Amino acid sequence: MSVLPGSIIVSHWHRFPDSKEFFSRILHKKRRRKFGLLEAPMMPPHMNVDTIRYKVFISGKTGVGKSALAARLAGLDFPRMHYETTGIETTVTFWPVKLKDSERVLFFRFEFWDCGESAMRRFDHMLPSCKEQVDAMLFLFSFTDRGSFEDLSNQISRITESSDRVVKLVVGTKFDLFMHTDVTESDVTRFKEVWGLPVFRVGGDVSAGLGEVAPLLNALAEDLWHQDCIAASSVSIATAALSQTDTEIIV
Amino acid sequence: MLQAEALQLLCLTASSGVPLFSRGSSKQLPFSIIGSLNGVHMFGAGHGAQLSSCETEHGSRVVWRVFQESLMLIAVSGGGGSAISELQLRRLLENVWNCMVMVLGQDELANIRNVERLKREVRSCYHLIDMLLERINDGQGMMGYLTQCADCVPLSNSGRVQETLDSFTQAADSEFGCLVVHGRVAHATEKWWSRLAPQEVVVLLALVYSLSGTSSCDYPVFLPQGSPTVAIRLLCFQLLPGVQVCVLCGPKPSLYQAGKELLSRFWSPLLETLRGCLEQTDRSILPPSVNLRWDVQALLLINRESRRAITVCPRVRGGASANATPLLSSARRLELLTHFYTFAVTRYFTSEDVSPASPASEPAPEDFSQGFTHVPVQCYLVTDECKCYGLQSPQHQLYLLTDLSVPTFALRSVATQTLSAITAATGF
């Protein structure tokens with residue numbers, strides 16, 4: 001499912017001068033702007049920029065840094081200490097993207113969902129709620145915790161079903177703590193070959209720059225857009241198939 | 001035992017004294033001391049005496065309390081300039097326990113089957129516990145942790161917001177809805193006030209505040225008094241940065257549905273109104289129609305019937321004369337207000353502690369107030385930093401801090417005027 005980076009959208013667009021006008025809408029005093037749920041980036045009325053909404057579920061074992069990743073992608077401060085998330089939390093972030101062919105600019109509105117593992121174990125409604133209408137999943141492991149890496153395959157097959165139409169990406173966290181790394185480069189390469197999923201690496205301080213989060217957010221946007229395009233082109237076939245089944249049931 | 005201004009919280013199993021956790025800013029106490037603290041309490045219990053607190057000459061304190069005959073919480077504070085009062089520590093233990101019940105449920109805590117497992121489970125409460133510890137002296141203008149009343153912010157022109165909250169709550173299959181601005185309740189549904197215990201509202205607000213960085217959430221919560229064994233769901237949505245709406249509900253609607261279908265339908269039309277509310281509270285907790293006297297330094301107003309409170313700490317003086325002394329820092333004024341509240345409540349006024357769950361272990365009021373044959377309705381205190389005046393009526397309690405320039409004989413009329421000015425304008 002995953003597409004070649006940069007084949008549909010302009011990669012590293014945040015470095016180009018023409019992106020400034022758009023990125024300035026998600027920044028405030030050199031930091032990422034915080035948006036309430038009733039808000040969205042304001043563009044001048046003559047520029048018609050569409051916003052498309054996606055729900056992204058962040059999955060991974062306790063302590064790999066699910067909440068920290070959500071905060072990092074949204075450019076928020078995260079607590080110095082690790083605290084368990086005892087329910088479902090969502091974090092909304094906007095990300096402007098330029099399509100390569102049409103040069104059209106879109107605002108992606110990602111809603112990152114994360115849920116603490118023990119809450120998920122104790123309360124049955126958590127996982128179904130996170131999976132409801134989900135568009136993409138990020139599977140997390142920590143470079144400092146081999147167990148979390150080995151659990152990946154298990155996790156992917158447990159949470160997703162083959163029929164699910166979702167974008168899947170794998171993210172390795174705490175990559176900066178290379179002194180304590182427990183997962184080698186060849187482990188990651190082998191995993192990529194077996195699963196055919198891209199693996200991203202994050203870690204270290206966020207200097208509120210866009211560069212650190214851009215590769216992951218762009219890849220997510222690209223894959224989601226690609227998935228939607230495929231879905232749209234197959235709609236006609238699907239409806240035809242559907243109407244056929246309907247008739248069969250009635251008969 | 002501890003450095004000045006340090007604060008430690010210990011949790012042990014009541015029967016066997018196994019330490020479950022220890023939180024606090026300072027270095028952890030050595031195991032031998034923890035053992036002694038538990039031992040001395042146990043010794044007392046063996047002789048039919050209940051040890052509830054002790055104090056050193058320098059203002060260090062230890063406060064014990066056993067909850068549900070299962071867990072013992074101990075708060076240890078260092079002395080120093082701004083010593084933490086016993087009342088504050090007592091409230092801290094109560095709030096910590098309520099937070100633990102809210103997150104884990106009472107069953108888990110009252111019937112310990114496996115201590116090692118409980119040790120792991122209890123980690124999920126650390127976020128709230130650390131927040132309570134941090135805020136004991138820096139509530140940022142919120143005193144609910146101490147007063148056990150919900151911190152509120154009265155809004156002007158708010159009929160439409162209340163209506164919207166009511167219908168939004170109903171649409172979310174709930175009767176409990178609440179609009180929170182910067183951690184304080186701006187509006188809540190009728191059932192929120194009438195059916196939730198004030199202590200529950202205080203810990204719910206603490207939880208909502210701890211979630212103020214997220215866009216929305218779906219948290220299972222146990223209500224320490226209303227539903228200690230069955231979890232219900234707290235849904236919370238950040239409408240604007242600083243404005244959250246939350247509901248307590250059952251299995252439906254899902255967070256996704258509520259966020260997608262209900263949120264913008266009900267709240268988008270009020271976007272500008274909410275922005276206005278936010279601006280108003282950024283300026284002052286009180287609506288602009290209330291004119292405080294310029295020599296009022298800070299005040300705490302409690303509605304005793306509804307268990308709500310407003311804390312005001314003006315940022316600037318309106319209409320002060322040129323030779324007026326400058327305002328004390330707001331942190332200092334809040335500290336003084338806390339001290340005065342503690343002073344008045346432990347000595348003169350009836351404490352608002354009416355929680356049905358609080359067992360007889362709550363210490364008797366000090367002997368001092370037992371000597372009275374009547375209930376005092378007003379009290380005052382003059383210090384070298386400010387003058388304080390407290391008054392209580394069946395419905396309200398007002399704690400007022402004023403400049404030293406206010407003549408002591410005039411304090412009473414300043415207090416009564418202030419009380420009527422606020423209640424008339426806000427209906428609080």
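Cβ from N, Cα, C; glycine included.
Values in this document were obtained by computation on a predicted structure and should not be read as measured data.
As recorded in TrEMBL:
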DOMAIN    B:9-132  domain 'FUZ/MON1/HPS1 first Longin'
DOMAIN    B:174-267  domain 'FUZ/MON1/HPS1 second Longin'
DOMAIN    B:296-424  domain 'FUZ/MON1/HPS1 third Longin'
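Helix, strand and coil counts under DSSP for the domain 'FUZ/MON1/HPS1 first Longin' (B:9-132) come to 58 helix, 28 strand, 38 coil. The average pLDDT computed over the domain 'FUZ/MON1/HPS1 second Longin' (B:174-267) stands at 95. Taking DSSP states H, G and I as helix and E and B as strand, the domain 'FUZ/MON1/HPS1 second Longin' (B:174-267) has 32 helix, 40 strand, 22 coil.
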